[in-house]
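Chemist: So TrEMBL has the following annotated:
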type     : residues : note
TRANSMEM : 44-61    : transmembrane segment
TRANSMEM : 110-129  : transmembrane segment
TRANSMEM : 135-159  : transmembrane segment
TRANSMEM : 171-190  : transmembrane segment
TRANSMEM : 202-226  : transmembrane segment
REGION   : 247-269  : region 'Disordered'
TRANSMEM : 353-370  : transmembrane segment
TRANSMEM : 390-410  : transmembrane segment
TRANSMEM : 417-440  : transmembrane segment
TRANSMEM : 452-472  : transmembrane segment
TRANSMEM : 479-499  : transmembrane segment
């Protein structure tokens, strides 16, 4: 595969030609989308596919709860809400643990392991017989939400900073699309089984055995067989690249014997030695830590540095709002629509509510990738600050839309379906744009521990989902506009956090 020292201008041929690689860090300037013989292409596709089937299985319960599971298990509204919260809590914990594991063992192995572990409770979902057993099963199925961390860390390891926002956003968005696909797939499978003569009690249980469990195992096997740990080869070989041991001194690449002591090296320029790559005139200018950072195992020293760095909490708190909102929308909207229109509109049953809700998830096929793409575009003009302001703008618009939708629902006796869908589609679009923009920003934050950062930010998103689900439980009538106010306040407050130039 060709190697050049600066990103080439985009050509359509890059989509099927071999990756064009940065010779310093071996990351690709391009996404060889259709070239499955290329390891960059295979890693790209396996990262989103793993997250897609995980998200599909993680959210396989909500499409069937309003009509089938709730009545079969005789659940109350509070018990349904509890099961949603428990699922999100499990994912929060797994994402925090998964970040350091990715930095130590690599995203491929961690992705496959999580898929296999999540397949077990997914296959056992049909054994639920009361609220308690449902809680236990949804907790362990929540393991699958942790796949977001290796998904993002995998593409961050393979794609350079000129394109990493787009790559991260595409794999995240297409993975999140599983949250929309599951409403269409699970509802259709369930209805198909009912038409075959299966009872409600049996049909929803068979649906889990037929869809989530086998696809999880299949994708885990594909990941292990066709995936690659790192551009250098195995994860243990990730330091065998020119970028390892380099640091930036006045824009010049220099040897840094210990990445943990980067601050000391900056103060002691005399202790560094200028290096060149092949020929002196070919030495690339190191403009950003992202150019040279290699994932390092987490230590107490780096952990303290990360948690005390305001830059850590900029994308994390922004993600509380945008991804937290998306999780709440995926978990609650089908039930909201079913409650509002089941008796008001002919034929508006569980499947119909699921189809309408799936629209929000399917938007991810365009919205999240476009959010990351815009992040890369503004980066070329305004640097990291452009990514920051784009991320916060999405969160603010999403929050304002949610406030409007919330007041419409509480102030209207019979809300019009078209208006409800229109307003919340606007909120969902900017939520998903913001998610894509966020993970265009994350690689610039604590670059030597990208797995940990992905875990922290991902866990923060789940925290938002839990927070908003609790709001639904405590204030169901006012939940939407309260969520919107929280989102606006948080994103406005984050404006004061500074970011690196590049």
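Every residue number used here counts from 1 along the chain in the order it is shown.
A Cβ is built for glycine as well, from the same backbone N, Cα and C atoms used for every other residue.
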Chemist: Tell me, please, if the transmembrane segment (452-472) and the transmembrane segment (135-159) are in contact, taking contact as 3+ Cβ pairs under 8 Å between residues separated by 6 or more positions?
Modeler: yes
Chemist: With Cβ-Cβ distances below 8 Å as the criterion, list the same-chain residues six or more beyond the ends of the transmembrane segment (110-129) that contact it, or say none.
Modeler: 46-47, 50, 53-54, 57-58, 60-61, 69, 73, 94, 98, 101-102, 137, 140-141, 143-144, 146-147, 149-151, 154, 204-206, 208-209, 212-213, 216-217, 219-221, 223-224, 227
Chemist: Taking 44-61, 135-159, 171-190, 353-370, 479-499 as candidates, which has the most Cβ pairs under 8 Å with the transmembrane segment (202-226)?
Modeler: 44-61
Chemist: Please give the sequence-distant neighbours of the transmembrane segment (135-159): residues at least 6 beyond its ends with Cβ less than 8 Å from one of its Cβ atoms.
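Modeler: Hits for the transmembrane segment (135-159): 27-28, 31, 40, 43-44, 46-48, 50-51, 54-55, 57-58, 60-61, 82-84, 86-91, 94-95, 97-99, 102-103, 107-108, 110-111, 114-115, 117-118, 120-122, 124-125, 127-128, 167-168, 171-172, 175, 216, 230-231, 238, 295, 439, 442-443, 450-451, 454-455, 458, 462.
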Chemist: To the transmembrane segment (417-440), which of 353-370, 390-410, 479-499 is linked by the most Cβ pairs under 8 Å?
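Modeler: Maximum Cβ contact count belongs to 390-410.
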Chemist: Are there residues at least 6 beyond the ends of the transmembrane segment (479-499) whose Cβ is under 8 Å from a Cβ of it, and what are they?
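Modeler: Apart from its flanks, the transmembrane segment (479-499) reaches 310-311, 313-314, 317-318, 320-322, 325, 328, 384-385, 387-388, 392, 395-396, 398-407, 409-410, 427, 441, 444, 467-468, 471-472.
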